[in-house]
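Beneath this line is the structure, given in structure tokens, with notes to follow.
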Amino acid sequence: MAVDIQPACLGLYCGKTLLFKNGSTEIYGECGVCPRGQRTNAQKYCQPCTESPELYDWLYLGFMAMLPLVLHWFFIEWYSGKKSSSALFQHITALFECSVAAVITLLVSDPVGVLHIRSCRVLMLSDWYTMLYNPSPDYVTTVHCTHEAVYPLYTIVFIYYAFCLVLMMLLRPLLVKKIACGLGKSDRFKSIYAALYFFPILTVLQAVGGGLLYYAFPYIILVLSLVTLAVYMSASEIENCYDLLVRKKRLIVLFSHWLLHAYGIISISRVDKLEQDLPLLALVPTPALFYLFTAKFTEPSRILSEGANGH
């Protein structure tokens with residue numbers, strides 16, 4: 001195979017794009033940025049991303065997809081009030097919005113029209129921040145080689161958030177206006193207003209910290225799910241199994257946290273060795289059981305009452 005020989009590329013992410021191929025002859029262009037959907041190989045040639053995402057990649061995308069849904073549910077519960085009967089319908093609508101947004105995002109991604117994406121393998125943290133590795137051969141002129149080396153894990157999250165926001169603005173106001181009769185006019189749309197704040201925050205978070213989140217999200221899930229479960233059980237004055245079983249809502253919250261625990265454990269282990277990693281899921285109920293066994297020593301109800309009285 002004859003290949004056009006040119007000077008080697010500088011920089012970590014600069015590559016040569018294939019211009020012409022005729023049989024065994026390949027002609028490459030000058031060293032520069034790779035087109036979208038391609039990344040450089042070890043020989044500094046731009047190669048198309050043809051691999052399927054690994055399990056860990058899907059778990060990362062699932063985590064980023066869960067963030068707006070969990071925030072939706074939190075603010076819906078926060079602003080709906082105890083007497084409102086609309087919270088359940090809003091929860092279901094938020095789940096529907098995020099699910100449809102996820103499906104549409106997969107359908108519009110390459111290859112278009114199927115629930116499957118092709119991707120480039122994430123090799124190191126710098127793959128997420130190629131803009132920081134543009135070379136300056138003469139320390140004056142910068143060769144711009146910024147491209148999505150982790151295609152499409154970086155941009156697909158932005159597309160998903162955009163669809164979530166559009167679907168929310170189309171569906172949620174109509175639903176809230178129809179069924180949120182138990183709330184005042186000023187309170188009906190507060191959960192929607194909250195989303196208009198947290199979506200830009202999530203977007204900036206992905207733009208700046210996407211690479212860090214990719215490597216840290218399993219630990220973030222475990223820590224936050226443990227903290228929120230402890231806070232919820234103490235705020236609800238749950239001190240024994242009876243207090244936990246007396247309301248269905250408490251069981252739903254408990255099982256939801258167990259699912260998050262399992263998600264974090266699977267993400268950390270990556271299920272490389274299935275027979276060794278699956279027994280770790282037996283640890284999922286441990287935090288809740290530990291809380292119930294030790295609640296009698298801490299007495300969260302007494303702490304809460306003292307805090308309310310200002311002592």
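Backbone N, Cα and C atoms are what each Cβ position is placed from, and that goes for glycine too.
Among the features that TrEMBL reports, transmembrane segment is placed at 58-76 (among others).
What TrEMBL lists as transmembrane segment is 88-108 (among others).
If you look up TrEMBL, you'll see 151-171 (among others) marked as transmembrane segment.
Under the heading transmembrane segment, TrEMBL lists 192-213 (among others).
The annotation transmembrane segment is assigned in TrEMBL to 219-238 (among others).
The annotation transmembrane segment is assigned in TrEMBL to 250-266 (among others).
Cβ atoms under 8 Å from those of the transmembrane segment (278-295) belong to residues 226, 229-230, 233, 238-241, 244, 254, 257-258, 261-262, 265-266, 269, 271 of the same chain, restricted to positions at least 6 beyond its ends. What TrEMBL records for 278-295 (among others) is transmembrane segment.
Contact check: the transmembrane segment (219-238) against the transmembrane segment (88-108) gives fewer than three Cβ pairs closer than 8 Å, residues 6 or more apart, which falls short of the contact criterion.
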